[in-house]
Amino acid sequence: MAVPFVEDWDLVQTLGEGAYGEVQLAVNRITEEAVAVKIVDMKRAIDCPENIKKEICINKMLSHENVVKFYGHRREGHIQYLFLEYCSGGELFDRIEPDIGMPEQDAQRFFHQLMAGVVYLHGIGITHRDIKPENLLLDERDNLKISDFGLATVFRHNNRERLLNKMCGTLPYVAPELLKRKEFHAEPVDVWSCGIVLTAMLAGELPWDQPSDSCQEYSDWKEKKTYLNPWKKIDSAPLALLHKILVETPSARITIPDIKKDRWYNKPLNRGAKRPRATSGGMSESSSGFSKHIHSNLDFSPVNNGSSEETVKFSSSQPEPRTGLSLWDTGPSNVDKLVQGISFSQPTCPEHMLVNSQLLGTPGSSQNPWQRLVKRMTRFFTKLDADKSYQCLKETFEKLGYQWKKSCMNQVTVSTTDRRNNKLIFKINLVEMDEKILVDFRLSKGDGLEFKRHFLKIKGKLSDVVSSQKVWFPVT
């Protein structure tokens with residue numbers, strides 16, 4: 001069942017987990033507005049409380065159509081809540097077919113939107129420092145949104161730019177200068193990461209484990225061995241652009257203004273029917289008004305613009321996926337109650353509400369948590385009941401050598417390692433829908449493409465029991 005959170009708001013499902021907490025989907029039971037709520041346990045984040053304050057402060061600065069909106073924050077005891085846009089289109093990695101990629105026209109469109117978001121961030125002096133498909137979300141109109149500013153920092157203030165020295169990010173996406181333990185400029189680092197994202201979109205795989213001479217794939221790239229994977233799968237025009245982006249020397253790396261002049265970047269590609277677009281401004285009228293209201297009532301700490309950055313922080317995981325929905329159909333007062341609500345109640349195991357068949361009623365029911373289900377391809381119906389489906393999953397996990405445990409209700413947590421020997425954790429929910437069992441996979445920690453590879457492997461092993469019925473989500 002849905003868990004009451006603030007007046008008229010319920011927590012209906014977990015969107016993701018991180019080192020210090022999780023992200024929950026909150027839905028207004030009257031208006032059906034949806035907001036992502038990042039819940040941080042400050043007791044678990046005791047070693048880096050300033051990082052949380054910094055993340056809040058940076059989020060407050062942001063307002064762009066290709067950046068996840070921030071509605072406000074609230075502290076209750078040792079729990080910090082951040083209220084963010086809910087993106088029902090899911091993560092970009094879900095649109096990338098392992099070892100194949102996506103249609104070139106889709107990759108170009110997403111890359112355009114990624115560039116627009118990064119140009120905006122750099123324009124206000126912010127560098128993201130962890131650009132990767134797991135941190136790029138899609139709204140209900142398939143517009144790309146940059147999310148997760150936990151590693152972001154200010155590199156320019158009052159027209160004065162500072163060099164950075166903190167090594168952070170996700171190794172396959174970081175620029176080579178980060179690994180040299182010297183100071184570096186911020187903007188070329190984000191540009192490099194965007195090039196790796198473009199490679200993943202076009203080829204369905206990452207080019208290397210890390211950009212260092214100890215990595216054979218990276219050495220091959222520097223020696224221009226483009227007859228190897230992933231480069232041989234990429235057409236000559238986008239490959240020419242990647243040759244200009246993935247340049248080891250930062251000063252020789254192409255800048256975003258020059259990327260926008262590139263032949264492939266400006267090449268008209270057949271996109272078919274044009275998708276409807278969100279409003280061209282950064283914030284919708286109602287959410288902008290809401291934003292002004294909460295900003296005048298909430299206390300934000302200033303950004304620390306000091307030049308020293310002492311920690312080494314690399315991520316092989318998927319941080320909390322922030323997701324978003326626009327609130328222009330209703331006034332700000334409903335979300336205002338969510339941000340400034342007095343009574344918060346925390347579920348001990350929030351995902352139990354996903355497996356209660358009584359909630360899965362008629363379409364349009366505000367009590368149906370699947371009304372706001374994130375769109376993703378990693379789910380299927382089975383021909384069996386819940387018990388038999390669970391038994392088949394168990395047998396498959398044992399054959400594949402996975403570690404697994406049953407957690408909340410009909411949920412299983414699976415742990416394994418990917419091809420790079422990094423930890424990969426995903427959760428599987430068995431949900432009764434229309435007298436059928438939906439098996440829903442969600443990445444909890446690790447690389448998105450590797451997660452999809454394992455999903456396809458499991459689905460292949462279960463081919464005899466997988467139903468041919470399509471899963472159409474999200475329901476709107």
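A Cβ is built for glycine as well, from the same backbone N, Cα and C atoms used for every other residue.
Per Swiss-Prot, the features are as follows:
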type     : residues                                                             : note
ACT_SITE : Asp130                                                               : active site, proton acceptor
BINDING  : Leu15, Gly16, Glu17, Gly18, Ala19, Tyr20, Gly21, Glu22, Val23, Lys38 : ATP binding site
COMPBIAS : 298-320                                                              : compositional bias 'Polar residues'
CROSSLNK : Lys132                                                               : ubiquitin cross-link
CROSSLNK : Lys436                                                               : ubiquitin cross-link
DOMAIN   : 9-265                                                                : domain 'Protein kinase'
Ala19 (ATP binding site) and Asp130 (active site, proton acceptor), Cα-Cα, nearest whole angstrom: 16
Name the secondary structure element type, per DSSP in three states, that contains Ala19 (ATP binding site). coil
If you count other CB atoms within 10 A of each CB, which of Leu15, Ala19, Val23 wins among these binding-site residues? Val23
Across all chains shown, how many C-beta atoms besides its own are within 10 angstroms of the C-beta of Glu17 (ATP binding site)? 20
What number of additional C-beta atoms lies within 10 angstroms of the C-beta atom of Asp130 (active site, proton acceptor)? 23
Mean pLDDT across the domain 'Protein kinase' (9-265), rounded to an integer, is what? 95
Within 10 A of the CB of Gly21 (ATP binding site), the number of other CB atoms across every chain shown is 22
